Amino acid sequence: MSSLSGKVQTVLGPVEPSQLGRTLTHEHLTMAFDSFYCPPPPCQEAASREPIMMKNLFWIQKNPYSHQENLQLNQEVEAVREELLYFKAKGGGAVVENTTTGLSRDVRTLKWLAEQTGVHIIAGAGFYVDATHSAATRAMSVEQLTDVLISEILHGADGTSIKCGVIGEIGCSWPLTDSERKVLQATAHAQAQLGCPVIIHPGRNPGAPFQIIRVLQEAGADISKTVMSHLDRSIFDKKELLEFAQLGCYLEYDLFGTELLNYQLSPDIDMPDDNKRIRRVRFLVNEGYEDRILMAHDIHTKHRLMKYGGHGYSHILTNVVPKMLLRGLTERVLDKILRENPKQWLTFK
């Protein structure tokens, strides 16, 4: 294992796990999502090019991936800085920033945000989904991909000495592509060498999380140090969810604040609202999985920032936690989900 054993690696360097506090395990602070632009509905093309204004926020909220400017979160560094200060004032301590290669990762800005706010920021190593893989990435062997992941954690990312502290979010489609499968295998190999945390973005199909865990297991990954993201939009059947939970990974509900009638990235999926997410978390707690649950918002577009009338990075702490208490979850359980579980996951073995 690496010299990071027993530590959490932030963009400002290793810290003691006890320093993290309440942690959001799946967010984006600076990124570009323009690779996933969705054409607007018929006769609404002009709306996709207008500046973000009060009068068109309703349209953007309903069509977030059809507005060009909305996909450029990396234009809002100052707004994100202000939001992180607000998050800290509300009791937040750390954010895992899941932007990887393919989403315009910017570790320099992450370091600046950490310095400016005092919030611990953990950067993500690796590659997003196949649609963002370069020809060079697709041409790499598993061994070469493994070397890239290890280097981003031990030496620095994006030509800097700023080091990542997790592998991921590793992007996967449904079904997996050959390039994504290689990246998963490399992720397992790097994790085996480093003892580091891993976080996965599954394809939008109930079978995707199962397929990914199988690939990781076969390649030697430590599933107990691995997070499966986006379960709110992936596995809906309770029996199937319990079957997946038995595999031993962390179960992440990370779309809090997202309440959509039509989910543009997968129209067949009925996106749950926060009340349903709370009930699903309570279900998992009652089934004995409180040690495996994580929560976040996965903010990746402008309209979800408070600057544009969105819920922001403090939504879970200010709004969701009180509702969870009202629904019978205890302070002890919520402390485990927001503090202890992230700490255990992020600590290098």
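Just so you know, glycine gets a Cβ as well, placed from its N, Cα and C.
Here is what Swiss-Prot records for this protein:
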- H26, H28, E169, D298: divalent metal cation 1 binding site (BINDING)
- E169, H201, H230: divalent metal cation 2 binding site (BINDING)
Can you give me the same-chain residues 6 or more apart in sequence from H28 (divalent metal cation 1 binding site) with a CB-CB distance under 8 Å? L73, E97, N98, T99, L103, D298, I299, H300
Near the divalent metal cation 2 site, what residues other than E169, H201, H230 in the same chain have a C-beta no further than 8 Å from the centroid of the listed C-beta atoms? H26, N98, G168, I170, G171, C172, I199, I200, P202, S229, D254, D298
Have a look around H26 (divalent metal cation 1 binding site) and count the other CB atoms within 10 A of its CB, chains all included. 27
Which residue, out of the binding-site residues H201, H230, shows the minimum number of other Cβ atoms inside 10 Å of its Cβ in this structure? H230
Hey, does DSSP put H201 (divalent metal cation 2 binding site) in a helix, a strand, or just coil? strand
Candidate with sparsest Cβ neighbourhood (10 Å radius) among E169, D298, the listed binding-site residues: D298
Cβ-based neighbourhood (8 Å from the centroid) of the divalent metal cation 1 site, residues H26, H28, E169, D298 excluded: E27, V96, E97, N98, T99, H201, S229, D254, A296, I299, H300
